[in-house]
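**Q** OK, TrEMBL features for this one:
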- Glu239: active site, proton donor/acceptor (ACT_SITE)
- 3-150: domain 'Histone acetyl transferase HAT1 N-terminal' (DOMAIN)
- 249-300: domain 'Histone acetyltransferase type B catalytic subunit C-terminal' (DOMAIN)
- Trp162: site 'Interaction with histone H4 N-terminus' (SITE)
Amino acid sequence: VRFPEDLEDDNTTFNPEYSHQVFGDDEVAFGYKGLKILLYYIAGNLSTLFRIEYASKVNEKFDCVEADDVESKIREIIPPGFCTNTDDFVSLLEKEVNFKPFGMLLHTYSVHNEEAGEDITYQIYKADMTCPGFREYHERLQTFLMWFIETASFIDVDDERWNYFLVFEKYNKDGATLFATVGYMTVYNYYVYPDKTRPRVSQMLILPPFQGEGHGAQLLETVHRYYMSSPTVLDITAEDPSENYVKLRDFVLVKLCQDLLCFSPGKLMQGFSQEMMMEAQQKLKINKQHTRRVYEILRLRATDMGDAEQSRSYRLDVKRRLIGPYKKKQRELAKMRRCLRPEELTNQLNQIDLNMQHEQLEESFQQLVSDYRRVLERLAQA
């Protein structure tokens, strides 16, 4: 909500992707007809208005069943101090002009908005719990995780090893410059013996009204550039990354790596090298596993897949990596031959069908190439 009229505007409304963490696996609230759970957030500081509406509700006295206590379920997520009536919320909205982003400005960029017919400016900040007011703001911000990240959990904000990176949109209201929350990322700094840290991305969320505009890539690249300047950082990883995050990371890391000398077309065609691993880690804080994916994507770009020899060479190179888990199974099988009785061995052999392995390997390769091509298409448009 930026203006009072947004409260009545359905175009500013977005729905949760998940509600099982609040309402159980069936995502059901029992005992209501026409139930609406309404959460409004002021665009910048995320002050909250919470209302429940319904046409009718079962009555324990007459229906002998009790309706779910929806209000208490929501109250468990949103921090205290929220509004329950519109007038209080609108009066808070008038003070929004005083809200300013927290922490240190890292990056400013603009995105052309077709609808508005102009470029809109965005800024990325790094904050921590010492910033006045940030702790309360973060409590409101993290409520979105429950609705948009499938296995979300709230973090321990008293642990000083957390870093917070925030994206804001700058917009004008009555001649003043205001800020709207776009999304954020939390990163935990793990200790690596003897004197390094390994930042690990824990949660990343771009709010639905801003998705598809490139903010995730801007945020991830800014975070990488922030850590790249630190001599104590070993490399950057992610905790249990989603498919969408992996695709985003592929794009950002390929964009960062493509100008390194070790990824020149001539060197790419010679195969994955120690030089690539060292340079990507030292200059860009990228670990070996991610560097290997970057290499495969850039080598695909340098490969003429219409040329039988080049295509075969690329396919074998990628499949040599993909076959790792299958080779592990073969080693396990060799151990079984020595340890298992014949009937037990036959049972295990039935589970490891070589033809099926080849089919799965080919399927994995084709899926990977398809994903890589999408990264390269996006790179060409960037």
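Placed from the backbone N, Cα and C atoms, the Cβ positions cover glycine too.
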**Q** Just to verify: the residue among Trp162, Glu239 with the fewest other Cβ atoms within 10 Å, which of the recorded positions is it?
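**A** Comparing Cβ neighbour counts within 10 Å for the recorded positions Trp162, Glu239 gives Glu239.
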**Q** Distance check, please: Cα of the residue listed as 'active site, proton donor/acceptor' against Cα of Trp162 (site 'Interaction with histone H4 N-terminus'), rounded to an integer number of angstrom.
**A** 14
**Q** Grab the pLDDT values for the domain 'Histone acetyltransferase type B catalytic subunit C-terminal' (249-300) and give me their mean, rounded.
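**A** Averaged over the domain 'Histone acetyltransferase type B catalytic subunit C-terminal' (249-300), the predicted model reaches a pLDDT of 97.
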